[in-house]
Each structure stands twice: as C-alpha cells, then as structure tokens.
Amino acid sequence: MTGVPVSRIRNFSIIAHIDHGKSTLADRLLQETGTVSAREMRPQLLDSMELERERGITIKLQAARMNYRAQDGQDYVLNLIDTPGHVDFTYEVSRSLAACEGALLVVDASQGVEAQTLANVYLALENNLEIIPVINKIDLPGAEPERVIAEIEQVIGLDCSGAILASAKVGIGIQEILEAVVQRVPPPRDTVAEPLRALIFDSYYDAYRGVIVYVRIMDGEVKTGDKICFMASGREYEITELGVMRPNQEPVDALHAGEVGYMAAAIKSVEHARVGDTITLVNRKAPEPLPGYKEAKPMVFCGLFPSSSDQYAELKEALEKLKLNDAALYFEPEISSAMGFGFRCGFLGLLHMEVVQERLEREYNLDLVITAPTVVYQVTLNNGSVIRVDNPSKLPPPNERTSIEEPIVRVEVILPEEFVGTVMELCETKRGTFKDMKYLAQGRTTLVYELPLAEVVTDFFDQLKSRTRGYASMDYQMIGYRADDLVRLDILINGDVVDSLSTIVHRDKAFYVGRSLVAKLRELIPRHQFEVPIQAAIGSKVIARETIPALRKNVLAKCYGGDVTRKRKLLEKQKEGKKRMKAVGTVDVPQEAFMAVLKLQND
C-alpha cells in the first residue's frame, strides 16, 4: 500500500467530444503533478496506439495514477481514468465512469456542447458522478466562454458557477483543476473489510504475461498470489502481478478498496476478462457482482476478403491477434462465389469497423476487399421462431417467413439552425421519424430522429457533415427492432445470382437501387464474346435489366465476293458458337464492380 488513506484518494475521468482537448489536458495534469518527467513527455501520452494519435481519438482506455500535494498540505492520490469519446465505444465509457466518483466535463470554448459530450454526460449522471465543468481553449481568438457556460447550463442543466476556465495547451487553469478534483470529487467508500469486488474497466493482451486487466477495487483488498474468480464467466486464476499505472506500470504487493491498478494472472484471451465483469476471491466470494455488466453485441457486419487468396492465412492470424485485444470484434470464415475465401466480421459501429480495417491494413500490411456493411435483421419464420440474419444471402425466402424487423436507432444531432432544413430533408430520405427539436443558445438546435440503423451505417454521417459544412455533431443509441416492408435485392449476371452483391432494401427504394446498380455494373464489367444480361430481381421478379453487348469478330473478312450462302454459313456458324459459349462461359466480375456497389449505396 502506498500509505495513503482512502479519504485521500480521488478517482476521476475526463468527458469530452473529439478534439475538445481531452488528451492534452491529461498530459498537462501528468506534468503538473510530476508524474511524468519532462524528458518522457510527448503529446497525447495516454493515446498509445499510432492510429489514435493520428486520428486524434482515444480508442482504448488508459489510466494514470498521480501523487499531488494539495494547498492544504496533504498528499493525495489522483487516479485519472481516460475514456474514449466516440459513440461506438459507449459501453466502455460507461464502465470507466462506473470506476470513478467524479468527472471533468471538458468543453471547447469556441465550439460549445456537442452531441457525444451530451451522451457521455448522461452516462456520468446515471452513475451519480460529481461533474466539474472545464471550459478549455480559452486562449483561442474565437473563444466565447460566457456563451458556452450558458449553453451547458441550458442543455445539460449543470450549475456552472464553479466552472473552471482553462487552456491545456498554454497551461492556464491546470492548478485550479487539480484543486477542484481534490475538493469537489468525493473520496471512495472505505470498504476494505468487505469481500473483494473489483470492476474491470479495460484489458489488453501482453505477449509475455497474458491478459493485463485494469481494475478499480470497489470493496475489499487483493494481494499478489491470491486466487481470483471472474463472476460473469466463472473462470478462476491466480494473480501473478499487481501494480499501479504511472502511466508506466509499477508493481505493488496489494491493492485496497478505492484504488485503481492492473493485475496479471496468466489469462489467455481478452474474451475471458470482459470489460464490466466483477473479480472476487475464490475463498471469500462476494454475494453478488457489481451491476451494469453487458455482453458487447456487434451491430454492423461486413465481409473482409484478402485481395489475393494467398493472404488468407495472414488475414486469419491478424484478426486473431486483434481479437486478443478487442473482445467486441467478431469474425467467422465465409466463402463467396465471387470473392473466394474470407471472413464475416461484426463490429460495434462504423468507427469501430474503420479502425479495425485500418489496423489490418496498416499494422499487418494486408490488402483487403470490403463488402458493403449490413446490420443484423430479426426474421420471424412461419413456425414462430426468430432468427438473426447478418448476411443478405442467408435471408430465408418470402414463403418461409412472416416478418423482417430491422434495428432502429435514436439519432441526436446538434447543429447550427440555418442547416435544420437540409438535415431534416436528409433524415426524411433515410426513412427517419421526427421525434423532437429544441433550440439552444446562440442559434444552435438539437434534432432527434428515429432512423433505421441500415440507413445510418452507409454514409449518413458523411452526408450530414457535407450538408452542414462540418458543423453538425451526432450521437446514436440503439432503441430496438421494428418490422418494415423489407426485401432482398439480388443481382443476376448471365442468369446467376452473385451473392456478394445481394442487399436488403426497403421495397419503396428497391426499384431505384436496382436500376442504378445494374447501370453501374454495365459500365464496369468488361465485354465478353457473348452478350451478358445484368438483372436486378426481387425473388423471381426482375425489376431492372441492362445488357452488355457481345464483342463481334468479322468472320466475313476473308470472303471476297462469292456466293451469299457461303457468307450465311459462316455467320450461322459464329452464331452457334456464341450460343454454346453463352451456355458454358463464365463472366469475369472485376473487383471494381464490388467497390462500386459500396459507393452506390452511399450515394
């Protein structure tokens, strides 16, 4: 033990929208408390992944322990638990907030409250955290701290009389923030005597020690060598190492209630140590686990195929390695008639999907082909059983099912009021249902719509940004499933269904999507020696067709004059050959055609 009583421990996190300066603020706090020497300091110290620093987002959680001597002369231990700010990782945010007693709400003085900040603030309020508003970037010429404070009070309803004006970049207000954490964030409850309960708020895989679990000890204490049990999975392990993060790991002998640290116990996979699970001792089990544990369910699926088949084994190995660190990633082998061998992968959301794809391409040098993202549909069969369908080609035929339900999300958009019209129009075209609209301070508005997730996953975000010149921010939450008139649109090339091009669309949009798809494919598929029909069909009913004409060789070139029957014979022979070729010939569908389908769905 570090010799600090529980009453002098403070656990807090930082809530902020992307780019509002959360990581820079964390850096300043580490410097101010002397946790990191000037020599070790580098920007965004807690964002350890190269991709995180480049995109400026925090994906995996980090934690750091700081020793701070306050103005009252006492030594305090401050545990900063970093949170990812992005909507796909809401569950991870909620777990890291559950590990704290307080939170700094960081808002950019020139931007104001954004949608994702709101979502995370609500999570913090659900966990009864003490929230300290911090208005960051007040050194910017466009900073309007008074407007932003008024907006926070109006939108969130927080009392901002004690809001701290700061600039993490220049170092203004850092001392005040540390003092506010000491004075306003309540200390953890002193429950050392109770049975051990530790909340896992993050875990990652280490090649030498197995899975390293980041925990907040809620009740009791734990020592190196103790036998522990994970309450959700029931697995038992022996602790090989305990320690605290200053951001680098430092081993200690024991951790007590209120402390934040890490433990290693030769755990083989991150799946066995799920975020939100409760750890307790084998010989003195806690009567019940900590509340709030949920299995992470993938919401968006897509096919990943290596562009050359000899990379299949490498792709499999790369996915397995990513899975060690990312329990929410799901994948299973898939065979496609057009693309060969690959994997069907499931993700939490769009950003999660992009990050995984980018990491596969960047860290493992893979060249990937990605099919259009789809969502999970619930299909009720004639016998009353319900199945989940994540791949359009697996949808049962119409005579075997009674209904298809699609996932619906509640989307909250915060935007300047002059763009309200175009954004409402966008939501209407995406089959949205209008729910609510509020005017905020200074000409900003929140819109709330219910939209099918399938319409959001393709390109809703990009279109939203382009229609509002980048000023809108959005956040979405799953609210459940709803039945609708959905059909599977198949693409037939030369009479054969190409499974990778099948999509599930709303019946009202099927004709439009089918027509534009076949027109696009006609441009991309090269001409063959025989004519190739491209059809879009719902079941057996063809709703759109284009034909690629055959390449024609002039068989009469060698006939000079001569009898017409001779020419006719050659033409008939060519016609017969074409017929035979059409019956046995295969159509080569180039890679660009599949990419075009993705782009088309985004238009």
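Backbone N, Cα and C define each Cβ position, glycine as well.
Here is what Swiss-Prot records for this protein:
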type: DOMAIN; residues: 7-189; note: domain 'tr-type G'
type: BINDING; residues: ASP19, HIS20, GLY21, LYS22, SER23, THR24, ASN136, LYS137, ILE138, ASP139; note: GTP binding site
**Fill in**
The predicted model's mean pLDDT over the domain 'tr-type G' (7-189) is 73
**Message:** I'd like to know which of these binding-site residues, SER23, ASN136, is least surrounded, judged by other CB atoms within 10 A.
**Reply:** SER23
**Asked** Per DSSP, SER23 (GTP binding site) is which: helix, strand or coil?
**Response** helix
